[in-house]
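What TrEMBL records for Asp88, Val91, Gly93, Asp95, Ser97, Glu106 is Ca(2+) binding site. Annotation comment: TrEMBL describes Pro180 as substrate binding site. Residues annotated as heme b binding site in TrEMBL: His210. Sequence annotations record features per position, and here TrEMBL assigns disulfide bond to Cys56-Cys134, Cys89-Cys94, Cys140-Cys340, Cys217-Cys249. Residues or ranges marked as domain 'Plant heme peroxidase family profile' by TrEMBL: 44-344. Taken from TrEMBL, the feature signal peptide applies to 1-26. Residues or ranges marked as site 'Transition state stabilizer' by TrEMBL: Arg83.
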Amino acid sequence: MELYRVQQWRPKLVLLLLLLLLRVWGSTCVNLFDLSARVAPLNGLMLHYYKYNTSCTNAEEFVQLIVNSAWKADRSVTAALLRLLYSDCFVTGCDASILLDGDNTEKYAIQNQGLRTNGLYLIDDIKKVLEARCPGVVSCADILNLAAKEAVALAGAPKYPVYTGRRDGLQSTAQSVDLPPPDVTWKQALAYFESKDLDVLDLGTLLGAHSVGMTHCSNIQDRLYNFNGTGRPDCSMDPNFLAQLKKKCPPGSKENKKVYLNPASGRNYSFESSYYKRVLKHQAVLTEDQQMITTSDGIRIAHEFAAGFEDLRKFFALSMTRMGGLGVLTGKQGEIRRNCRYTNANNPHLK
Ligand SMILES: *[C@@H]1O[C@H](CO)[C@@H](O)[C@H](O)[C@H]1NC(C)=O
Ligand SMILES: *[C@@H]1O[C@H](CO)[C@@H](O)[C@H](O)[C@H]1NC(C)=O
Ligand SMILES: *[C@@H]1O[C@H](CO)[C@@H](O)[C@H](O)[C@H]1NC(C)=O
C-alpha cells in the first residue's frame, strides 16, 4: 500500500521538479532582456526642463544645431562626447566635474589620458552660445548629456530621452577617478558597474559605445605581446586579427599610434552591431571587450545584440538614460557654471 503510493508520487514529483526548474531557468532567461522591467530613475530630473521651466526654451534646439555642424566637420566628436559622458557620470555623478580645468582635476587622472580635446572644445562652443542667449541658465552637465545624445543619434543610435535639470558640481580631483583600466576582467568591470547601481545588461550594452572611437596602442601593447604577464599574446584573439594589430602597433614603438576600437565601423564612426559580431569572432581590440564572452551573461548579450540591431538600439537608449541619471545634482545643489572649465568662484572672467 505504502509502496504503491510512493510509486504513484514519483512521476508527479519529477514533473513538478522539472516544471520548477524550467520556471527558474525561463525566468532568468527572459528577465535579462525584458525592457518593460527596466527603468531609468528620474532622480529629480524631468523631460524638457529648459523648455517648460526656464527662460531658455530653445536650449535643446541650440545644442542640436551646434552638434550637427560639428559632426559634419568631424565625426569623431561622437566618440569624444561618449567618452566624456562616461568619465563624468561614473565619477562623482553627472555633474560636469570632468570639464573643470585646474591642477590635478579629473581630466588629469591617468585613466582620462585618452580624452579628446575636440569634445571639450565643442562643449565650450555650445556653452558660449547658450550663455549669450540666456546667461546662467543651462548647466554644463546638461549640455554634455544633450550633446552626447545628438552625436550618438547622428552615428546611428536612437534619440533617447535625456532628462534635464542637472546642476554643475563644485569639485574635481584626479584622486576621485576610479574608472577601471582597459584590461579589466569582465568580473571586475561588472563589480565596478554594480558599485554605481548599474547592472550586467548596462555593462554589456554600454560597451557597445566601443562601436565608435579609437584607442592608443599603449592600451593594447600588453595584450599583443605580454598578456597578463605571460610574455605571449592573448591567446583568445583571432590570429589573423592579432597579426594585423601587431603590424599597427609594433613592439616598443615610441609613436603610440591609434587604432579603431571597432575596425568594422572605422572612420565612419557609425554605431552598429558589428562590434558584437567581432567580439563573438574573437576580434575585439581591448581586453575589456573580449572579456565579454568569458561569462554566460556576456555571451548572451553579445549574441542578442550581434543578431538584433534594433534590440541594441533600444537597450542602448535605456542604459544611456540610466547612466545620465547617476549622482545628479538638482534644485539648489551645486551651481550653473558660466564657463564649463571653471566653477563660478574660480572663473577669472567673473572677477
Ligand atoms: C517645473 O515646472 C512645473 C510647473 O510649473 C513644476 O510643477 C515643477 O516642479 C518644475 N520642476 C522643476 C524641476 O523645477
Ligand atoms: C590574469 O592573471 C590573474 C592571476 O594569474 C587572473 O586572476 C586574471 O583573471 C587574469 N586576467 C585575465 C584577463 O585573464
Ligand atoms: C564606411 O561607409 C562606407 C559607405 O557607406 C562603406 O563603404 C564602408 O565600408 C564603411 N566602413 C569603413 C570602415 O569605412
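Any Cβ shown, glycine's included, is placed from N, Cα and C.
Distances between the Cα of Cys134 (disulfide bond) and those of the recorded positions Asp88, Cys94, Ser97, Cys140, Cys217 are shortest for Cys140. Remark: of the disulfide-bonded residues Cys56, Cys94, Cys249, the most isolated position is Cys56 (fewest other Cβ atoms within 10 Å of its Cβ).
Restricting the recorded positions Cys94, Pro180, His210, Cys217, Cys249, Cys340 to those with a CA within 10 Å of the CA of Asp88 (Ca(2+) binding site) leaves Cys94, listed by sequence position. When the alpha carbons of Cys56 (disulfide bond) and Pro180 (substrate binding site) are compared, the span between them is 37 angstrom. Those residues of the chain, other than Asp88, Val91, Gly93, Asp95, Ser97, Glu106, with a C-beta within 8 angstroms of the mean position of the Ca(2+) site C-beta atoms are Ser87, Cys89, Phe90, Thr92, Cys94, Ala96, Ile98, Gly169, Ser172, Ser176, Gly327. As a whole-number mean, the pLDDT of the domain 'Plant heme peroxidase family profile' (44-344) in this prediction is 96. Taking all protein chains in view, 28 other C-beta atoms sit within 10 angstroms of the C-beta of Ser97 (Ca(2+) binding site).
Counting only residues at least six positions away in the same chain, the Cβ atoms of Gly169, Leu326, Gly327, Val328, Leu329 sit under 8 Å from the Cβ of Gly93 (Ca(2+) binding site).
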